[in-house]
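Comments concern the structure below.
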Amino acid sequence: MPKNKRARPSVASSSSASAPYSLASRNAGGGASSGIKSHAAATTSSSANLVAPNTSLGQHFLKNPAVVTAIVAKAAIKPTDTVLEIGPGTGNMTLPLLQQSKNVIAIEYDPRMIREVLKRVESTSSERKLRVVQGDAIKTRFPFFDVCVANVPYQISSALVFKLLAHRPMFRCAVMMFQEEFALRLTARPGEALYCRLSVNTQLLAKVDQLMKVGRNNFRPPPKVESRVVRIELRNPPPPVNFTEWDGMVRLLFNRKNKTLRSVLLTKPTIRMLDENMRTQRALNNNNNGGNDDHRMMEEEDDEKSAERIIEEVVAMEKWKDKRASKLDLDDFLALLAEFNKRGVHFA
Ligand SMILES: C[S@@+](CC[C@H](N)C(=O)[O-])C[C@H]1O[C@@H](n2cnc3c(N)ncnc32)[C@H](O)[C@@H]1O
């Protein structure tokens with residue numbers, strides 16, 4: 001796996017995090033509506049692109065206008081849309097996004113970049129449509145948006161995907177650039193080498209499409225790895241599953257994805273953790289169902305069994321015997337979780 005050398009930025013001080021910047025507010029009342037420059041010209045000739053990139057912040061700017069145009073087209077932005085852009089940098093993608101949308105809210109960590117992107121819209125018809133928030137996108141509360149577009153440092157990819165999967169209200173889609181291997185993990189299928197916890201969690205909550213490959217030389221400076229653009233659309237309605245518990249189970253099973261379920265689940269620490277969860281769950285059930293005799297009888301039967309015995313029973317079933325996480329699909333994981341829950345075993 002290619003290692004990304006860029007470090008995640010340290011968190012901005014709370015006083016500076018999430019501070020909105022807007023030329024519109026600084027310049028209210030002034031400025032002609034000259035319209036933004038053609039994007040090709042803006043990308044290749046803007047002084048913004050002369051700002052020294054800080055690669056420790058993942059600053060690899062898209063320098064090929066054709067790629068920018070293709071990404072913006074894939075986002076299918078409507079004139080009524082609010083677009084959330086993560087990491088606008090010098091604004092190479094921000095400008096065409098502004099042209100197509102009602103407004104753009106951009107979250108950028110580096111104040112130098114914020115100055116550049118604001119400079120590029122100053123005195124244009126887009127000026128009032130742009131709001132830039134300074135902060136770490138992972139720690140900043142997202143505003144309402146219809147479409148998210150992002151070309152971010154690859155080391156925040158995972159946190160960003162999980163943040164988007166959990167975001168409500170649901171948005172129409174997110175079009176995101178990722179390191180190639182990360183993008184392929186999002187859509188990996190059972191049995192493929194890249195199939196992992198990220199794959200099943202993402203596919204449980206969203207539909208992901210691979211849109212295009214983007215070579216290293218489309219960036220300034222070129223990153224060490226190839227990139228891909230994907231579209232993420234949240235499943236609506238979301239699946240009826242407790243995600244914390246689902247992720248608890250999936251995380252355990254993918255720790256050693258090529259081992260049998262039996263050998264992954266029947267370890268001392270796992271049994272201890274599941275026994276603890278069972279005790280908590282039983283205590284809660286007893287409180288909640290104090291007057292329900294049928295339920296109490298079922299609980300008493302379950303009470304006799306330890307997590308270890310229940311795991312033994314489940315992994316011995318024909319459906320789960322000798323199975324490994326690396327070969328199970330979403331329906332298998334859902335069925336496995338339901339089987340454990342039915343027997344009182346919980347993963348969170
Ligand atoms: C790969 S550059 C992309 C810039 C621009 N979108 C483009 O395509 O040319 C990533 C941008 O994200 C910003 N950034 C890095 N970490 C960030 C974070 N945690 N939150 C918000 N922005 C971040 C960087 O400063 C940089 O401007």
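Glycine is treated like the rest: Cβ placed from N, Cα and C.
Under the heading region 'Disordered', TrEMBL lists 1-37 (among others).
Annotated compositional bias 'Low complexity' per TrEMBL: 9-27, in sequence order.
For Glu108 (S-adenosyl-L-methionine binding site), the number of other Cβ atoms no farther than 10 Å from its own Cβ, over all displayed protein chains, is 26. Sequence annotations record features per position, and here TrEMBL assigns S-adenosyl-L-methionine binding site to His60, Leu62, Gly87, Glu108, Asp136, Asn151.
TrEMBL lists 67-236 with the feature domain 'Ribosomal RNA adenine methylase transferase N-terminal'.
According to TrEMBL, the feature region 'Disordered' maps to 282-305 (among others).
Put plainly, the binding-site residues His60, Leu62, Gly87, Asp136, Asn151 were compared by Cβ crowding within 10 Å, and the winner is Asn151. Binding-site extent for S-adenosyl-L-methionine: residues His60, Leu62, Gly87, Glu108, Asp136, Asn151, maximum pairwise Cα distance 20 Å (rounded to the nearest whole number). Confidence in the domain 'Ribosomal RNA adenine methylase transferase N-terminal' (67-236), given as mean pLDDT, stands at 97. DSSP assigns Asn151 (S-adenosyl-L-methionine binding site) to a strand segment in the three-state reduction.
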